[in-house]
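**Student:** There's a structure below that I have some questions on.
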């Protein structure tokens, strides 16, 4: 069976099928990295295998595109360390935005196409974090946050270490994003990967098989659901004839269906990182310790679908990118001695939107996300203000927050899926902008009905 027939049998284009085959191939390629003997050999293998898979997936030009942010990051570290992080951030994002605009990648993805822009998105985050951590390496530890202390780089990585980190076995295809310091310790057998001090080497095979089985289930469910809930339905006359509840139910199912594609992709990338050994994140504290593989984890499916609060969504969806946004945007916008507020949240969501592309649907989704999280916090504060003795009322507030999250998340997700301004507004307007009005209403209401703690704070002795 040729590529065209194979692609047709599963309903994708030849380009997407080629990418999927190379993407799945990252699992055996990453496994082979385990048997590469030396530290230098691991760096060379990681860089070469990543570049080769990129060539097979997207063509020769993809590696030329990848060289641009990689060069920006390395040159900024070599030339001007005091500002290398901010230089890489703005120049790296500028190039990524240029590629988004030139290739109109969102339209290609929406129509079943593929290009290297998605991999460039992951690579951009990796080079920025590396530069920022190298910048942090020259700062005093006392003024740094815990994440900065943990990930700071005292010495500049060599060029081959840098290339291996950026392209490691195709991990730039869909993530997860990881830190340069972790990559170096993994290749050198240091830190949690040190097996010289009577530490046993964790076996990755059970966790890898679980991730592969999860990927298979996710893909099967996605292929079953996607013909039943096409995104084109939002602009069809039949959709406008439906009642409010049916329209809203369709929005929920369209968002639910789309998420399984991402669950599949992240499960494959998780399997790839786990089997290489890089996904190892330490041992549990049980009497009989078990290995943890959280470094590779990018999604908690049940955590997303059953989230009790919108605040939990960034902790369980695209986990490593959410962590990156928290460490390199959100926390760095907070001045010392002050608390983060809505500005930091909105700025972080804006960066996330720009990272995805300059489509109106992305912008509206991430602004909606900021409103959704802020509204969910209001409900939570009201819940916490209820006396513990009123357990039933507290549980009702928890359930209300769950329903609120389901409603606003799937309403907001339409913009992320359809991308265009007209289609997004048509879908939002068809349900009377309920997913926008409710969060804004909650935020405004919080000023009228502020939450008071259920127990007054004890007065300090004078």
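Glycine too: its Cβ is placed from the backbone N, Cα and C atoms.
As listed in Swiss-Prot for this protein:
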type	residues	note
TRANSMEM	9-29	transmembrane segment
TRANSMEM	52-72	transmembrane segment
TRANSMEM	84-104	transmembrane segment
TRANSMEM	158-178	transmembrane segment
TRANSMEM	211-231	transmembrane segment
TRANSMEM	263-283	transmembrane segment
TRANSMEM	353-373	transmembrane segment
ACT_SITE	356	active site
TRANSMEM	396-416	transmembrane segment
TRANSMEM	431-451	transmembrane segment
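Each of these features: where is it, how hidden is it, and who are its neighbours?
**Tutor:** Counting residues 6+ beyond its ends, the transmembrane segment (9-29) has Cβ neighbours under 8 Å at 1, 3, 49, 53, 56-58, 112-114, 169-171, 173-174, 208, 212, 223, 265, 268-269, 271-272, 275 in the same chain.
Below 8 angstroms of C-beta separation, residues 18-19, 22-23, 25-26, 29, 87-88, 91-92, 95-96, 99, 114-116, 119-120, 123-124, 127, 162-163, 166-167, 169-170, 172-173 of the same chain, each at least six residues beyond the ends of the transmembrane segment (52-72), sit close to that stretch.
Long-range contacts of the transmembrane segment (211-231) within its own chain (CB-CB distance under 8 A, at least 6 residues past either end) are made by residues 10-11, 27, 110, 250, 253-254, 256-257, 260-261, 263-264, 267-268, 270-271, 274, 296, 301, 417-418.
Within its own chain, the transmembrane segment (353-373) has Cβ neighbours under 8 Å at 93, 96-97, 100-101, 105-106, 117, 121, 124-125, 310-311, 313-314, 342, 345-346, 405, 408-409, 411-421, 423-424, 428, 435-436, 439-440, 443, counting only residues six or more beyond its boundaries.
Reduced to three states, the DSSP call for residue 356 (active site) is helix. For residue 356 (active site), other Cβ atoms within 10 Å of its Cβ number 21.
For the transmembrane segment (396-416), the residues of the chain that approach it from at least six positions outside its boundaries are 234, 248, 251-252, 254-256, 258, 306-310, 312-313, 356, 360-365, 368-369, 371-372, 375-376, 379-380, 382-383, 386, 424, 427-428, 431, 434-436, 438-439, judged by C-beta separation under 8 angstroms.
Within the same chain, residues 244, 247-248, 251, 368, 371-372, 374-375, 378-379, 381-382, 384-385, 404, 407-408, 411-412 sit at least 6 positions outside the transmembrane segment (431-451) and bring their C-beta atoms closer than 8 Å to a C-beta of that stretch.
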**Student:** Let me spell it out: take the transmembrane segment (263-283), skip the flanking residues so only those 6+ beyond its ends count, and list any with a Cβ under 8 Å from a Cβ in it.
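**Tutor:** Result: 23-24, 26-27, 29-31, 33-34, 168-171, 173-176, 178, 182-183, 186, 192-193, 202, 204-205, 207-208, 211-212, 214-215, 218-219, 222, 289-299, 301, 318.
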